[in-house]
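Feature annotations, reproduced from TrEMBL:
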- D:H101: active site (ACT_SITE)
- D:D104: active site (ACT_SITE)
- D:E232, D:E268, D:D296, D:D339: Mg(2+) 1 binding site (BINDING)
- D:E268, D:H271, D:D307, D:D309: Mg(2+) 2 binding site (BINDING)
4 protein chains.
Amino acid sequence: MTTGFFDGLSPARYQGTPATDPLAFRHYDPDEVVMGKRMEDHLRFAVAYWHSFAWEGGDPFGGPTFERPWHPQDDMGRAKMKADVAFEMFDLLGAPFFCWHDADLRPEQGSYAENLATLEEITDYVGEKMEGSKTKLLWGTANMFSHRRWMAGASTNPDPDIFAYAAATVKGCIDATHKLGGANYVLWGGREGYETLLNTDLVREGEQMGRFLSMVVDYKHKIGFEGQILVEPKPQEPSKHQYDYDAATCIGFLRKWGLQDEVKLNLEQGHAILAGHSFEHEIAVAAAEGMLGSIDMNRNDYQSGWDTDQFPNNVPEVALAYYHILKAGGFTQGGTNFDAKLRRQSLDPEDLIAAHVGGMDTCARGLKAAAAMLEDGGLEDALAERYAGWDDPQAQAMLTSDLSAIQARVIEQGIDPQPRSGRQERLENYVNRFV
Amino acid sequence: MTTGFFDGLSPARYQGTPATDPLAFRHYDPDEVVMGKRMEDHLRFAVAYWHSFAWEGGDPFGGPTFERPWHPQDDMGRAKMKADVAFEMFDLLGAPFFCWHDADLRPEQGSYAENLATLEEITDYVGEKMEGSKTKLLWGTANMFSHRRWMAGASTNPDPDIFAYAAATVKGCIDATHKLGGANYVLWGGREGYETLLNTDLVREGEQMGRFLSMVVDYKHKIGFEGQILVEPKPQEPSKHQYDYDAATCIGFLRKWGLQDEVKLNLEQGHAILAGHSFEHEIAVAAAEGMLGSIDMNRNDYQSGWDTDQFPNNVPEVALAYYHILKAGGFTQGGTNFDAKLRRQSLDPEDLIAAHVGGMDTCARGLKAAAAMLEDGGLEDALAERYAGWDDPQAQAMLTSDLSAIQARVIEQGIDPQPRSGRQERLENYVNRFV
Amino acid sequence: MTTGFFDGLSPARYQGTPATDPLAFRHYDPDEVVMGKRMEDHLRFAVAYWHSFAWEGGDPFGGPTFERPWHPQDDMGRAKMKADVAFEMFDLLGAPFFCWHDADLRPEQGSYAENLATLEEITDYVGEKMEGSKTKLLWGTANMFSHRRWMAGASTNPDPDIFAYAAATVKGCIDATHKLGGANYVLWGGREGYETLLNTDLVREGEQMGRFLSMVVDYKHKIGFEGQILVEPKPQEPSKHQYDYDAATCIGFLRKWGLQDEVKLNLEQGHAILAGHSFEHEIAVAAAEGMLGSIDMNRNDYQSGWDTDQFPNNVPEVALAYYHILKAGGFTQGGTNFDAKLRRQSLDPEDLIAAHVGGMDTCARGLKAAAAMLEDGGLEDALAERYAGWDDPQAQAMLTSDLSAIQARVIEQGIDPQPRSGRQERLENYVNRFV
Amino acid sequence: MTTGFFDGLSPARYQGTPATDPLAFRHYDPDEVVMGKRMEDHLRFAVAYWHSFAWEGGDPFGGPTFERPWHPQDDMGRAKMKADVAFEMFDLLGAPFFCWHDADLRPEQGSYAENLATLEEITDYVGEKMEGSKTKLLWGTANMFSHRRWMAGASTNPDPDIFAYAAATVKGCIDATHKLGGANYVLWGGREGYETLLNTDLVREGEQMGRFLSMVVDYKHKIGFEGQILVEPKPQEPSKHQYDYDAATCIGFLRKWGLQDEVKLNLEQGHAILAGHSFEHEIAVAAAEGMLGSIDMNRNDYQSGWDTDQFPNNVPEVALAYYHILKAGGFTQGGTNFDAKLRRQSLDPEDLIAAHVGGMDTCARGLKAAAAMLEDGGLEDALAERYAGWDDPQAQAMLTSDLSAIQARVIEQGIDPQPRSGRQERLENYVNRFV
């Protein structure tokens, strides 16, 4: 017996490019083998509970528009109906994974102990549903930004009681993630940042955050949770400045606290854009440090200064992202979450399916293009050629030399280096052959 | 005998706020004591050779407009005339410091050895002028971004010969800085970054840059140069992405290479803005890590997406910057450089003086406001009160506790923290009392 | 008998600059005469009902934080309590004006007719309060963006029934504004714009909007409402693109529909910033066309890509805005509304007062500086000198000449114009003498 | 006899998608018929002389990198060599059009009369080359922004002699365009804008610009030039604010001066981006007013705040642009110019060809996708359905009704409109079927 929410909509299945059915996959064939691995195993799609089921359609200038049967979300009965609908959608899409915040799953109401109890209740319920489904948990996380208690941050809060509450909350969420077999646990620093430096002590808050993350890592080991611990860079919003600004900032922070081997990054395209970076930049930076964990492959409107969290739909951009992911070895524990935050005017259940089908198909197309580029090897060859000079032992030796010796050699040999073309246009055209 | 370039202009002197003379200081009195130190010793103003004397007025859409007597700058005789004019301006302003790139001082022409020789010639000439002047050298630096050889970077270049050329160039510039008694040596990573990831190997380039900087530090110690080594964050321009993106990125990089105690930051307001940060953010971040070295207190147009390098003129913003500088102990070896890049239409010698007088006066006003706030203590008191809960030994103990213990306490004590006002409006109004 | 909401807070009164009382005016003395007019009559401050009383502290990532006694706002009794508190604040501030959306005043519930009835009830209630207060109505407006019916626009909606509903709503709001003696009526095109061009017919929507505005003007005349009709430019948010993008766009639209003498602009600093303009730009553009109506003198965070609606606190910027307003003759029917949207963490009643006191004081300081500059005449003199060449009758004659004749003259007279300095630095320093 | 510049490079010819030759067209087949017209006649590609031949590789931080045989460009002999090379490239590409500024063609040196003479000389030379080539002139324009005389604007200059010089210059350029059979004449307001409002009189400058444009239109008619007169929107750069900010601003300006039927718009993707708009927005806005003239289909880096003028390479974006162009009837006199400004590191002649081939192929792919969408009709059908309510005569009647009557009907009929889904996700997926 179904909820009836998706009545009239058929499962989305692969039909290939001739298909015009708006809810069929034209590119995503889970079983197609790409570079020796099934596409489903490469992409590891996860549906995000928050935008797809918990967001009610409000924005800063207006209230809810969606009016789902499980809204308003202040009741455990409706929380279970929401889970029923969610799993119906996972089945329709053939989604291998999903992910959640605690507050997506059930209402936050009452004391910490009461919230912990309802979290256990709903995750038991969800666990049962998972048994009858192929959909697994990519990651869980704690929402420590929506309730007013978090308004000045969680682990970085000026009030130590809120730090305590945050620690307890994360423990509960890691436990729940572990119980459901989650492959990762994510921390997004929602309000870990500041509104104004006038009332903020950066040193204290940095120390609180470093210690907090260390405790999370300790706890993971203590309970034998083998998932990755991930942090998620974002430059701002809701805070004026978020401490996890971008990949480089997070990496610096992890290294400062000695966590560079324990924590990896969950990168989001939209957050990259808001920080002034391309998504492939963030991926490449994380990969260069061995800290690429998982991704949120959504899309941000380039002209909006806030998080629009749309499903990915630009294949050339997505292809470059997967190119860097594949180059770094692809996902092991991580995967492709994508926020398919509907536009506020997209009221119909069909819109929800369309957003996910469109996003998955775009990713599949991007992945195949990326794999083709890697297999062709054109970019790698160009790179090897460009840096070939450094393969020379003398060049390598210079890296352990000193300024005086190098200067002497420059003078003696009359070194007068001539620039060579970077050939960017040719490489950009090359990419367009594959997308 | 003077060059006559500033004929008709009198030395800028402090006249106080009633003054209407456009070239008098209304706030900057070098001898006024602020928080126990002369204002000149606090601010340590440095005039930047590049914009004030080397830039000819061109922009991406047009050629030179200034037509100074020492332009075009392809001749050693005119280079000396430029130095003469520069020192005349230093005297007119009573500037305690100046700073330069090698390419500002003399034309780059011919081989490395020839350039080294002309650098020695011109720095000898400048050294003589310094003997007859109060103006000292705040810092020197190498221009490794204008000549076409640097088009793909200096230390991060795909061509090891260019790395070598860069190493030799920096050695020459450190030597020259040391000879002239410079208080700091700066590296700005002009084209250390990339135009496209398609032709870039982030791992190699990162290693090249890390090794290069280590060599610079080694060399400093070898020759007994006691100035600070500084790197200068900037997010982009001329490169699409600069490796020294912002303070946090630089700090992470320095820590990765074990240079966190050897290198400090030279922060620029305009670069902060382009990276999406306020200037006080960058200062506070560097100060929190003990890496605040020196500043470029210029101003970027908030609506222009490129470096406008204007002299500072917004007192409230400048006051907040100095507030964080004073809180961090003020400058020791660093100082206040400010780019007074004239607008391209500002052709007259008087405009050049006006830009510097305006910038210095704005800084002086900001410094006095910052000092008054610190002496009043209102912001510090508010901060202490906001974080007072953390002074509790139990709160501190929690930082070395673990998630399980904290959760147990939250449950047991029924901790239900209530948010308290951040009072941002009150603090903003407080600042306005002083500016 | 008061509501007790502001218990313990005294009326904000002018105490001059020695005052350290955080809730005293240090610059705003309503009775001080500036350029022949009382400061209160120049500034015509209006408190905005929406942010100060109707906003509950939510943002896209979190729920309400304020928990005022009149929240949640779904009850007419609480709507009246809100009005009581509002007038208590108007009295505490000595605010000469306020302004509202219909939805700020009372809940929107039920049918159009029911909403019209409650609007009448609450405006009668407010009208009675106005009789016992000095506070008048600067403007009213209709909220046609929060309820889900407006999600695809009001007058530009694809559904003609929504156009009808919008027309009926505006009629009700103009009637209410007229009844309360409002000095202006504003239309802010909240969702008059688009989310995607894929589902948008620009031609149809433009015609709907043009006709709608014409009907509003007709209705104003029909009922003898003598207030100004104002439209409010904003580039985006909540829509991806708002039709009233900026001042120039609105002016072009008004001219197209022949409304340039009937409608003026209500300009907001924050909206100017989001459109890539300075506020004084928008004011100067509107003034140049004789269409400057009124202003929202708030402040947008320069680094946030969304509307932050903070109270103004940067005196130099505010001074330039008022300079252009005074130059255009100052306000007649318009005034200075400023959104003092509290930061979400600013929970206390005192914060609300502080935001308004700080904003009013900043404006007063800016106004006085602007007046001093105008009285001194330095900027006007510089302008006259810069364009003096055009005062020549020959120059003016050229404007009615033709290309051939001008070319002939250029050749014949060998015209070879030499650039003259624009003296921007000197003028910027000049402004700093006054702020 | 050729210049030898492109030695070793073969003509770029259509080879279809299997081709891997980096300099072959894979999509652009000039003779392929799309919607009843040859692709070449649809796209009307024009090579831009400035970036491809006149730009020497400098940027604000560095000097020339390209060192072409015709650089430096201060000699008429080298100007002719440049023309020779240009026509060789036009032939290699099979380009049907080119376009220029006067300053691209020959050096600006000496008096107005001398410059006019060399312009005549070089355009005679170019005219001869055109006789032996298939390449025609899409448009000419005057460079009134590079020489220092234009630093404060051309027609909007405070100095009437510069207005005169501008008028004479434009006359000369229109004459040259007319002589060479140009299909359009463009005015780009390079420095028609301001650096600071402090020294700017918006009213005067607006009037100067309005009169100037009217004279241009008059002159066109006088000499019987039948090309379109086009203005080109750009928000800023080089000026802080450009008067021709965006399409809507230009349209408003044209209507103010009664030129809406005489002047059309030349829209550039990069300028759209810098103004905060999508390119299809600008096209749709111009088309809605019947003012779509021609386009510059280049690409701006989304993360760079300045004009990057790269060749188009994102097919999905280009497809949406051509969709709106085709919907508006396609080009008649206008065409597709695209700035293929090489990256500064792209030194080789091959890079120049690659940039153009890549750009043309991207446009061809976009055009075919756009045509397929139009022929399929899916978007138009969705649009018709969304606005179907307005086809009702009662709905249309409402547009000529009044607020009172509409309100009465809303009350009487109890109109309570229910929102319907905007289906954005479905439409976005639809587009992805074609690109």
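Cβ coordinates are placed from backbone N, Cα and C, and glycine is handled just like the others.
Whatever TrEMBL says is automated annotation, not expert-curated.
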(message) If I take the alpha carbons of D:D307 (Mg(2+) 2 binding site) and D:H101 (active site), what is the distance between them in whole Å?
(response) 18
(message) Going by Cα-Cα distance, which of the binding-site residues (D:E268, D:D309, D:D339) sits nearest to D:D104 (active site)?
(response) D:D339
(request) Tell me the Cβ neighbour count for D:H101 (active site), meaning other Cβ atoms within 10 Å of its Cβ, over all protein chains shown. (result) 21
(message) Sequence gap of 6 or more, Cβ distance under 8 Å: name the residues on the same chain that satisfy this around D:H271 (Mg(2+) 2 binding site), in order along the sequence.
(response) D:E232, D:P233, D:K234, D:P235, D:D246, D:E282, D:D296, D:N300, D:D307
(request) Let me know the most crowded of the binding-site residues, choosing from D:E232, D:E268 and counting other Cβ atoms within 10 Å. (result) D:E268
(request) For D:D339 (Mg(2+) 1 binding site), write down the residues of its own chain that are at least 6 apart in sequence and whose Cβ falls under 8 Å from its Cβ; none is a fine answer. (result) D:A48, D:W50, D:H51, D:E268, D:G270, D:D296, D:N298, D:D309, D:Q310, D:F311
(request) Take the Cβ of D:D309 (Mg(2+) 2 binding site) and count every other Cβ within 10 Å, whichever protein chain it belongs to. (result) 24
(request) Translate the DSSP assignment of D:E268 (Mg(2+) 1 binding site) into the three-state scheme. (result) strand
(message) I'd like the Cβ neighbour count for D:D296 (Mg(2+) 1 binding site), meaning other Cβ atoms within 10 Å of its Cβ, all protein chains included.
(response) 24
(request) Using the recorded Mg(2+) 1 site (D:E232, D:E268, D:D296, D:D339) as reference, state which further residues of the same chain have their Cβ within 8 Å of the centre of those residues' Cβ atoms, listed in sequence order. (result) D:W188, D:N266, D:L267, D:Q269, D:G270, D:H271, D:I295, D:N298, D:D309, D:N337
(request) Report the residues of the chain - excluding D:E268, D:H271, D:D307, D:D309 - with C-beta within 8 Å of the mean position of the site's C-beta atoms, for the recorded Mg(2+) 2 site, in sequence order. (result) D:K234, D:Q269, D:G270, D:L274, D:D296, D:N298, D:N300, D:T308, D:D339
(request) Mind giving me a neighbour count for D:D104 (active site)? Other Cβ atoms within 10 Å of its Cβ, every protein chain shown. (result) 24
(message) Helix, strand or coil by DSSP: which one applies to D:D296 (Mg(2+) 1 binding site)?
(response) strand
(message) Suppose we draw a 10 Å sphere around the Cβ of D:D307 (Mg(2+) 2 binding site). How many other Cβ atoms does it contain, all chains included?
(response) 24
